[in-house]
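**Student:** Sharing a structure here in structure tokens format.
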Amino acid sequence: MARTKQTARKSTGGKAPRKQLATKAARKSAPATGGVKKPHRYRPGTVALREIRRYQKSTELLIRKLPFQRLVREIAQDFKTELRFQSSAVMALQEASEAYLVRLFEDTNLCAIHAKRVTIMPKDIQLARRIRGERA
């Protein structure tokens, strides 16, 4: 191989760049003053499990009373106008409706688990209703 001529390069001093790099690194690692603290977040699923335990312990109604009452009146208008309801009748309808929905979701969850899934899907609800004999 042929030798090449090396040209002289201007030196910048050996220690100056190192000192500059050290100050940059120190500036980056130092905590930012007045920084906004990130809000605490639970891991995915933790809050869901907590809510499941909470609602399984409780006995209160889960659907708000007035929206449910409006829904009952709207459905009843299709059959007969000017129907009147006792408050105890609306409460009985709400208790029965919520009990039905809770059982349906329990069966739906079992259908999803049977399919080796943890997420319920419309096909699970359809299967649960079909097994119950509600829908042919």
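Counting starts with 1 at the first residue shown.
Cβ coordinates come from backbone N, Cα and C, glycine included.
Feature list, courtesy of Swiss-Prot:
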- 1-43: region 'Disordered' (REGION)
- LYS5: N6-methylated lysine (MOD_RES)
- LYS10: N6-acetyllysine (MOD_RES)
- LYS10: N6-methylated lysine (MOD_RES)
- SER11: phosphoserine (MOD_RES)
- LYS15: N6-acetyllysine (MOD_RES)
- LYS24: N6-acetyllysine (MOD_RES)
- LYS28: N6-methylated lysine (MOD_RES)
- LYS37: N6-methylated lysine (MOD_RES)
- LYS80: N6-methylated lysine (MOD_RES)
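Could you tell me the structural context for the features on the list?
**Tutor:** In this structure, LYS5 (N6-methylated lysine) belongs to neither helix nor strand by DSSP; it is coil.
Around the Cβ of LYS37 (N6-methylated lysine), a 10 Å sphere holds 5 further Cβ atoms from the protein chains shown. In the three-state DSSP classification, LYS37 (N6-methylated lysine) falls within coil.
For LYS80 (N6-methylated lysine), the Cβ neighbour count at a 10 Å cut-off comes to 7, with all displayed protein chains included. DSSP classifies LYS80 (N6-methylated lysine) as coil under the three-state reduction.
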**Student:** So if I draw a 10 Å sphere around the Cβ of LYS5 (N6-methylated lysine), how many other Cβ atoms end up inside it?
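**Tutor:** The answer is 4.
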